[in-house]
Amino acid sequence: MRTIDWIDEAIVLVDQTRLPGDLTYLRITTVAELIDAIKRLAVRGAPALGVAGALGVALAARTGEPIGPLREARPTAVNLAWGVDQAAAAPDPLARALRIRDEDIAACLAMGVLGADLLAGHGATRVMTVCNTGGLAAVERGTALGVIQTMHERGTLREALALETRPLLQGARLTAWELARMGAPHRLIVDSAGPFLLARGAADAVLIGADRIAANGDTANKIGSYALALGARRAGVPFLVIAPETTIDLATPGGDVITIEDRGPAEVLSIGGVRLAPEGAGALNPAFDVTPADLITAIVTDRRVIRLDRGETPDHA
Ligand SMILES: CSC[C@H]1O[C@H](OP(=O)(O)O)[C@H](O)[C@@H]1O
């Protein structure tokens, strides 16, 4: 099952807003439809957004729609703008987009091996993760959850603890769905339990994905990642970022200048269309946070392991 693909002159993608209840696909034939799917997280996850952006340029070549609004549809994941730029600069945008798709499939396999090898070296069998970083966030297999899948396939996964990931519940809805499909041992936890469970020794390592990695290693990822990094450091367990090279943005010097998507109060005040908070309550809803490089043990990409704990950085490793 590919999360996103090009089939019969259209983008076909899993509608992730319907999971875990229904596995359904959207057939996208205009850039406007693609932008809507990106904004409502029918398609989501940095690598998947890179492929979507590139395929969107191929659509625009057919429909004549502008690509600027596509490039800006979500600001934090560097991959979306990168995918649009790559395809727009290519003589054949569709061919370039299909290569990006295939490169992502290979990258996720490579990250799984490098990450599982690194964790084996630490004797880690119980891992904690936030949000969703499986095949649903890429084309196939994914990043951090791709490492967990590789561990499971090798028989070295004792348990994955997945944060539910409020407010949109990517962990409870998507990661738990993917882990169940692969038959991997897992349990869900509420987000605020993560640091405490690390303090109580519930996991041997924390694995997260990334939406944008700055040149110094500061990493933007789903809200809650920073808290896990603080908890991991206090507990003395490795904190690993798993992301393809395409998520590294050397043009961004540090995390302080990364734009953090604000998704507005509604997602916090209600859930599944049911109002949680009293009328009149306000809410803050940053979709991502930034983990400083000095709290990250290593960044595992499809080509290398960047040991931030040894002074390496993405621009010097
Ligand atoms: C494979 S990295 C995916 C990355 O994207 C997620 O955010 P969202 O669900 O809002 O697209 C989260 O930050 C993941 O780590």
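Cβ atoms here come from the backbone N, Cα and C positions, even for glycine.
Binding of substrate is annotated in TrEMBL for Arg44, Gly45, Ala46, Gln170, Asn221, Lys222; the matching candidate from Arg18, Arg71, Arg74 at the same site is Arg74. Within the set Arg44, Gly45, Ala46, Arg74, Gln170, Asn221, Lys222 that the record links to substrate, no two Cα atoms are more than 17 Å apart, and one pair reaches that distance. For Asp211 (active site, proton donor), the same-chain residues lying six or more positions away in sequence with a CB closer than 8 A to its CB are Ala46, Thr76, Ala77, Val78, Asn79, Ala220, Asn221, Lys222, Thr247, Phe288.
Considering only the binding-site residues Arg44, Arg74, Gln170, the residues lying within 10 A of Cys131 (site 'Transition state stabilizer') on a C-alpha to C-alpha basis are Gln170. Gln170 (substrate binding site) carries a helical DSSP state (H, G or I).
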